[in-house]
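For reference, TrEMBL lists these features for the protein:
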TRANSMEM  33-58  transmembrane segment
DOMAIN    49-367  domain 'G-protein coupled receptors family 1 profile'
TRANSMEM  70-90  transmembrane segment
TRANSMEM  110-131  transmembrane segment
TRANSMEM  152-174  transmembrane segment
TRANSMEM  194-221  transmembrane segment
TRANSMEM  315-335  transmembrane segment
TRANSMEM  347-367  transmembrane segment
Amino acid sequence: MQTLRLYKESTINFSTTNETIGLEEYFAEGTNVLLIILIALLIILIVLGNSIVILAFIVDKRLRNQSNFFLLNLAICDFLVGAFSIPLYIPFMFSGKWMFGRFLCKLWLILDFTTSAASAFGVVLISYDRFLSVTKAVLYRSQQRRHVQTALKMAVAWIFSFLIYGPAIILWEILTGTYDTNEYSCRAGFFDAWYFLLCASSLDFAFPMISISFFNMRIYWNIKKRSRKKRNCSSFHMSEEQQTDAAPYIIATNIVLSSSNGKEKDNSSLHKTASDYAKQSFDSKLSSNSLSTSGQPNRVSVIKLSRDKKVARSLTILVSVFALCWAPYSFLVSIRAACRGYCIDFFWYKVTAWLLWTNSAINPILYPMCHKSFRKAFRLILERCKKCFKN
């Protein structure tokens, strides 16, 4: 996440001066205490929630498949946000002074920007994985045991996330010849470079969001197409089979009726027997056909369609939360880059920035809600914790 700065002016806004101030000069002491408590709770939720997700992979081997490894990757990103990015930012946010030295400042900026971008690309990987699961099931099953390939995809996402901001954070001052002389300042050199911010925000939000939307739309259309096809096929086969199976009954009745013209009295018993037999045959065939329509191939198809619908629902929830948390911040960053930082009220910029970080606390709650395997793993961890406390 791009580091926020508050500059001393008559209005709360961004400026080009190097004199910075913290939030304690704008809020009452009681408000600051409340903010610290809320931020501490957020950190606990992020660290504890994502630690449980990571621990679940260690405890339950059944979770170790391709789909869940991408969720593990996202949990690691979120854990780093709660364990490293937010704690170091708190004293800087309230005092307006960076007190940890230049080296740790650079490291913090690199990790903060990289983990934020990696989270976005992590959601892209999850969406792509679900897309293959629904639309290319055979190919997807063949890749389930290729853990090296899964690790390679995640590594590429991390490397690409680093390349968006990392080199610029390290080399910007050297390449541009502009240095921040304030020893208590910690911000990226490109903070006022609107052209860089515009390009970077396109890469770490616009591109992932377009990719995620594409995969989700393809999943939706695939499920809708299969559902419609299944309904049409079921309706057609049932109608055709009922007409076919009614034929013996009609033929037998016609035979009996035609023969009864000459021998009405003698064939009365035959008429009853043939009619009853044909009706019995029709009923039994109709029953067997009803069973055949729900036979093994059809059951497999229904089960897979139902599973894919659950996959689509869980992915929709994850992506919707991601979009709600990320879109406001990315939108404001793009506007700020275009208008050189003079058209965004600091309050809204701050709110959207913390909303972005809040996403790291929400994700671990979504995993057990959307995935039965995670619920089982979480129960297993809680049971073991209870045993440890009892002993």
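Glycine residues also receive a Cβ, built from the backbone N, Cα and C atoms like all the rest.
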For the transmembrane segment (110-131), which stretch among 33-58, 70-90, 194-221 has the most Cβ pairs under 8 A?
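Stretch with the highest Cβ contact count: 70-90.
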For the transmembrane segment (194-221), which partner among 152-174, 315-335, 347-367 gives the most CB pairs under 8 Å?
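Answer, by Cβ pair count: 315-335.
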With a cut-off of 8 Å between Cβ atoms, can you find at least three pairs linking the transmembrane segment (315-335) to the transmembrane segment (347-367)? Only pairs 6 or more residues apart in sequence count.
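With 3 or more qualifying Cβ pairs, these stretches touch.
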Let me spell it out: take the transmembrane segment (347-367), skip the flanking residues so only those 6+ beyond its ends count, and list any with a Cβ under 8 Å from a Cβ in it.
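Distal contacts: 1, 4, 12, 42, 45-46, 49-50, 52-53, 71, 74-75, 77-79, 81-82, 85-86, 116, 119, 314, 317-318, 321-322, 324-326, 328-329, 331-332, 336, 374.
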